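Here the structure is laid out as structure tokens; the discussion comes afterwards.
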Amino acid sequence: MKKNSLGQVFGAILLFILVGSIISTKFIQNVDQLGFNVMNKIDSTNVDNVSYFLRDFGSTKAYIFFSIIFLVIAAMKKKVMNGVYLLITVLTSRVLVTILKGFYDRPRPITAFYHESGSSFPSGHALMATCFFLTLCFLLMITFPTLQLYKKQLILVAILLILLISLSRIYLNVHHVSDIVAGWCSGYVWYVICRNTYLFLLRNRQF
């Protein structure tokens, strides 16, 4: 792992632990409420519809569907393990969400637009969006080497999708700002762990 990546991972872990340890404090409650107040200012039917679309677009079922499509494409390029790796990353990130939510067991915001099962911290949508789209960028570039010329553009699109999906959760009042930040941190850490594990296996020709 490169020093920059290592530092980013440790930073993300520390931020996750910090946020997780102070979610009951007045400071975090004020930050969370500020997030709701900002989102309430853009309340409209159109934004509602987009947010519900992003909810479904960023669901586990959707990521599994996208992963299967990528698996087929990767198989056609004779790089089937790239597709398998994406699917494994999605499934394991879902397991990570379940574990972390079970540990913190934070209630959902009482102002939620609709009933959402499970606890609130961290945001599963934020975690999985971060992990999925960063992993997809990485895999697109090693499956289609010419796409490395557009690395910055791919990463920009990934970040935009992560932000849209994550912010829609605050807009729908099913997650606090602190849930989203924790989701980003844990999703990034899991992405790096999975990516480096896969690169290690490739270098050692385990596939």
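Every residue, even glycine, has its Cβ placed from backbone N, Cα and C.
Automatic, uncurated: that is what TrEMBL annotation is.
Record features, source TrEMBL:
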type	residues	note
DOMAIN	82-195	domain 'Phosphatidic acid phosphatase type 2/haloperoxidase'
TRANSMEM	9-28	transmembrane segment
TRANSMEM	60-76	transmembrane segment
TRANSMEM	83-104	transmembrane segment
TRANSMEM	124-142	transmembrane segment
TRANSMEM	154-174	transmembrane segment
TRANSMEM	180-201	transmembrane segment
Helix, strand and coil totals (DSSP H, G, I; E, B; other) for the domain 'Phosphatidic acid phosphatase type 2/haloperoxidase' (82-195): 89 helix, 0 strand, 25 coil
Non-local residues, at least 6 beyond the ends, that sit with Cβ under 8 Å of the transmembrane segment (83-104): 20, 23, 60, 63-64, 67-68, 70-75, 118-122, 124, 127-128, 131-132, 135-136, 139, 182, 186-187, 190-191, 194, 198
Stretch-averaged pLDDT - the domain 'Phosphatidic acid phosphatase type 2/haloperoxidase' (82-195): 96
